[in-house]
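Student: According to TrEMBL, the domain 'M23ase beta-sheet core' annotation covers 224-322.
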Amino acid sequence: MLLTITPEARTFAPTHQYAPASAAVLQKERAAKADGKTMEAAALGNEAYDARRELYDRVELVTGVPWYWSAAVDQYERTISKAKPKARAALGQYSAVFVEHERWAGGLNPDQEDISPLSIRLFGGIGRDGDGDGAAARSSDFDLLYSLISFMSSYGPTESRFPAGVWEYYRNSRAVQRIGQFAAIYSHYGHLDLFQHAFPLPQGVSYSYRDTWGDRRGWGGRRIHEGTDIFAGHGTPVRSTCYGIVESKGWNKYGGWRVGIRDLNNHYHYYAHLSGFQKSLAAGQIVEPGQVIGWVGSSGYGKPGTSGKFPPHLHYGIYSDRGLVEWAFDPYPMLKRWEQSERKR
Ligand SMILES: [Zn+2]
């Protein structure tokens, strides 16, 4: 059995202590700032987005598969490579597609570095020559993406059957769900630049939070706290922190009324203990940073409708999908960063 942990099976309880920022917290903040700079430096300029989009459009021209499917597959590959950088060294320049030698050339191919489209095909490899230079090059952005999209689109009409091809390629239903979600986001906005963030509560309202990562929880057995509690008045608007798609909405016994939103980094943003949802919010809906999704409350810790067992607050957690398992990570440094950048606006 593969170990699959979903956020829904986890913990969500508030803490009720306040403490001044400790040395450890300050250290974390400094690390987050440094990390933020690195991320900014590595952040894509428009040129890289343009290069990627050109690649997706070229694949569409040759395969007939709409660009947003290429964008979604490429972005999914990128998130998996970020989670496993050692096992998945970058092959292309703009595309993040990673294919093992064996899979590219074919398992029984004696030449694992084979670039001949004919013998690769003979040995059942997925490598294809997309750009027509005679070589199925594992280092070519176009050949890499073209090979995957050709494979995935070979199971029938794109509109209905592309997800079946995605499943055949990954043999993993999470991958199918993610790529479908990413394609929906890209197709909705029509462009690739969708990584801005917002603080979950509007600036100007009163709230408080501290780093509660790993605190012991009081309800539901021995669990640790995976998230940040932001204390605010009942009914304070709760906003999406990212561009994403609503993955779950409804009741769970720990989180109460909760919303889960998936973004293009393959992060699952979890908003719990809400008093209610924005009326039109539905699973599958596309949201953007700052968009109101619900209101702060104190729901949770029991059967549907249970409320008032703790002071109103937003429990906010982020989970990273690494292909087969999801890991919680501390959202506190990111919250600090988003808050600061909104204050500067
Ligand atoms: Zn919490």
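Just so it is clear, glycine is given a Cβ too, placed from its N, Cα and C backbone atoms.
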Student: How does the domain 'M23ase beta-sheet core' (224-322) divide up by DSSP, counting helix, then strand, then coil residues?
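Tutor: Output for the domain 'M23ase beta-sheet core' (224-322) reads 0 helix, 57 strand, 42 coil.
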Student: Tell me, what is the mean pLDDT of the domain 'M23ase beta-sheet core' (224-322)?
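Tutor: Taking every residue of the domain 'M23ase beta-sheet core' (224-322) together, the mean pLDDT is 95.
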